[in-house]
Amino acid sequence: MRAEGDGGLERFCSPGKGRGLRALQPFQVGDLLFSCPAYAYVLTVNERGNHCEFCFARKEGLSKCGRCKQAFYCNVECQKEDWPMHKLECSPMVVFGENWNPSETVRLTARILAKQKIHPERTPSEKLLAVKEFESHLDKLDNEKRDLIQSDIAALHHFYSKHLEFPDSDSLVVLFAQVNCNGFTIEDEELSHLGSXIFPDVALMNHSCCPNVIVTYKGTLAEVRAVQEIHPGEEVFTSYIDLLYPTEDRNDRLRDSYFFTCECQECTTKDKDKAKVEIRKLNDPPKAEAIRDMVRYARNVIEEFRRAKHYKSPSELLEICELSQEKMSCVFEDSNVYMLHMMYQAMGVCLYMQDWEGALRYGQKIIQPYSKHYPLYSLNVASMWLKLGRLYMGLENKAAGERALRKAIAIMEVAHGKDHPYISEIKQEIESH
């Protein structure tokens, strides 16, 4: 495993957790523990033209594939390197036209199958954990999850049968189940979705809600850096989920996606839960039952909004955000994470509608509580400072813009490393204003 020492890490059996990763040497905050090239990856459809399909570089003036006119590259080298994967989709996209719509999971799984055929031996991404060793949790899948896998398998056959040989159906069920609980989403500095990938050695790490490392991306390379001091013999933990929410919500999410309940210090003590579900200070305080009902309402509206994003207009979405905040504010403080969730969604809609002032107003309300609820070095907090900084700059408030961007840089220097291209880009934004 590549590291800035001599390995300094080992795979071990973690009590009650199965396999895990353990430090053999000390790591300071900001140290790179290791990096892992993607075993297989795919750029999300919405980012085509903004990023190179092969190296994920973000730049103007990418060249498009002459055959399908859908894939974009830095140059001929990137295009040539990407061909073994792009050929799975190039002519099918032309043939199917508008009807070409495999999910990102299906696209990624097709690439894993192609990779296994091209490179059957162990790859540099699998120094400590091989793809074939991935946990699938097959025995824990309910009928709904099994049905989703079956429809993915059908889509795989439908869109990829011309260029791929498939294993038997049982093996495909296992592979999709493995991808579902070991896949990663690659995000940019504002946490916008760029694509999906498999990083086997990164998948070896177990989860904690107080993680001691953070995973970031440099193109299609995953990098793992310490966000707490790590001593020799200590297990290395990342977080699989968004840490904003209270313990019960986090564990519902972990059970649903990864089939375990977390027993980290945060989940055992529930130290942050009271502040996360902050109740409005009223002369006549809300009763326990009213609080319970409002939490239930909040969870439902979060789910309703998630579904509504796929078919409702921006103004309808904004209305859901505003009405739900109004209703919740009878019981919840503005710093309550359920309020923050809807503010964050509203900010996203404002950004989409290019209502910069509206987005800024929401961002200003979100940033302080975010800094309190999230761990010290958090990509969620960094990306919020970054969005705020860019909004201020765009609205000609240079002083506030620079302050916010520097806050983002301070977190990113630890999480992404001081030499990350994102940091040079942000410094450039400060200089050029």
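For all residues, glycine too, the Cβ spot is worked out from N, Cα and C.
The S-adenosyl-L-methionine binding site annotation in Swiss-Prot covers Lys17, Gly18, Arg19, His137, Asn206, His207, Tyr258, Phe259, Phe260. Residue environment of Lys17 (S-adenosyl-L-methionine binding site) contains 15 other Cβ atoms, counted within 10 Å of its Cβ in all protein chains.
Taken from Swiss-Prot, the feature Zn(2+) 1 binding site covers Cys52, Cys55, Cys74, Cys78. Taking Cβ-Cβ distances under 8 Å and a sequence gap of 6 or more within the same chain, the neighbours of Cys55 (Zn(2+) 1 binding site) are Cys74, Cys78, Gly219, Thr220. According to DSSP, Cys55 (Zn(2+) 1 binding site) is assigned to coil rather than to any helix or strand.
Taken from Swiss-Prot, the feature domain 'SET' covers 7-241.
Look at Swiss-Prot and you will find 52-90 tagged as zinc finger. Sequence-remote contacts of a segment are chain residues at least 6 beyond its ends whose Cβ falls under 8 Å from one of its Cβ atoms, and for the zinc finger (52-90) they are 40-43, 100, 107, 110-111, 114-115, 118, 159-160, 163-164, 186, 188, 194-195, 217, 219-220.
DSSP gives Arg19 (S-adenosyl-L-methionine binding site) a strand state. Counted over all residue pairs in Lys17, Gly18, Arg19, His137, Asn206, His207, Tyr258, Phe259, Phe260, the record's binders of S-adenosyl-L-methionine, the longest Cα to Cα distance measures 16 angstrom.
Close to Tyr258 (S-adenosyl-L-methionine binding site) in the fold, though at least 6 residues off in sequence, lie His137, Cys181, His207, Tyr240, each with a CB less than 8 Å from its CB.
Following the DSSP three-state reduction, the secondary structure of Asn206 (S-adenosyl-L-methionine binding site) is strand.
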